[in-house]
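Below is one structure, written out as structure tokens, with a few remarks after it.
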Ligand code: AGP
């Protein structure tokens, strides 16, 4: 949800380092932002709005000149420690006062937080009764006051932070600084937090891109752990202060992978990265001569049934995966993760697969925990090595898409589909797999062919001022229809819905008019294509413009106003190819409507609250 960063050892570059880190974390929240620098004195600056608003306020005045900031002192010191935050509001609107960092009564302590403190009202009442004054609507503000109280009892700073955090219930990744103390303190429970280690400086952040430019060495913190960094080193402890031995991991992707590489938006860049992402996903996993798929990272899996839990785009990938599992004779069902716990189906030798790009989505983690609690084996299909889902599940299968910054999931959806496809091939091991495997091999170049020659922009130009947009498809194209609509609505802010093609006539057809384009995904020339063409005719009879996404195998073109072509392929790869065309239409429509494509309003990349 929110993005947090802390650093020590960057000397005069500390503020720039924080601002750079926040720019890499802005995908996690962008309704307000703030920074604090601490040495003998503590200086804080916070602003509602995007990071640019904070940046301008910093360039117009030095941090220490701010009206809301300085405790004492007359300037930045040589080597301050610092923390920074970019917010996605949960408690209180995005205002200057609600922006982080939050301070205690004395102005000595500053805290940033990602997550939700569930018992904050109780703590706030208690602290207010003791005379503490609050200036925001946030749950976070109780934390600096708790630290203040602990410091007042004579505790050392590190102990005071641990003591304050031990009072919290809920989800948090927290960083705190205290005037006169050359350290950043951090704690984690149910919200992501990683520690970065370079030769001269140390970092804490919600996600690796925040400090990837400075180091590829990271430590993943676990729930219940505390970390301390200063310019000389780092330490991780448990709640009692006992040192916890942690392993240091090396990040394999390049810092450049988190830049825009000349594209106007991350989303467009990430759409164009799909051929490479798919190659990475397939690499070393497919034995074409032997006609088999080998996923060496997985232990033995022999489930009687499979349940998927996921949210949003990942749920659409899960719907696709469930169909593939059923096609190899394993009963499978996809659940929206936030609904899973309300009616968990019976679990008996079940495999529960959490599909989650970030590996940090609270709804999905909660469903996976419920499944584990009931005795199921769990598997995380995720993009983020070391993410909570990857660490908590019995098994992890990585989609290898590389970092995705745009809030709208694009390349990770493609990589999720292919990873789930590989998983079913790995479990199936049948002779018939050879054609499917050949289809997978051709997939990256087929996606490239679409990217090199698409009329998606013309379609967007023609229809971007319509009343609403509908997306239909059957079988494996149903999840693509849902995903096409989700992408369209989240970045264009236009009304868009996806339906199973056959369902249109059972209600939604009432909405169809000459001003509601219908995108129909029709590939192959089999029974499903024939039936979807029947649904297209129903739409056409209501004068709605039809845009067929097709490989040309059927005669759907006869009934369509426009065609978005995809190369001939296998049914399971056709779904992915059709989705690429729909991603491009959404992107161009949103660009024509001048929407903030990479940071759609009200949304965040990683949703770490339930
Ligand atoms: C879609 O573009 C969104 N980014 C969103 O639906 C996302 O897929 C969902 O929040 C789940 O995220 P996850 O894959 O990180 O769990």
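Here the Cβ of each residue, glycine as well, is placed from N, Cα and C on the backbone.
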TrEMBL annotation (region 'Disordered') - matching range among 27-64, 65-102: 65-102
Rounded Cα-Cα span from residue 605 (active site, for Fru-6P isomerization activity) to residue 2 (active site, nucleophile), Å: 9
Fewest other Cβ within 10 angstroms of its own Cβ, chosen from the active-site residues 2, 605: 605
For residue 2 (active site, nucleophile), the three-state class that DSSP assigns: coil
Helix, strand and coil totals (DSSP H, G, I; E, B; other) for the domain 'SIS' (459-600): 71 helix, 24 strand, 47 coil
Predicted model, mean pLDDT over the domain 'SIS' (294-435): 92
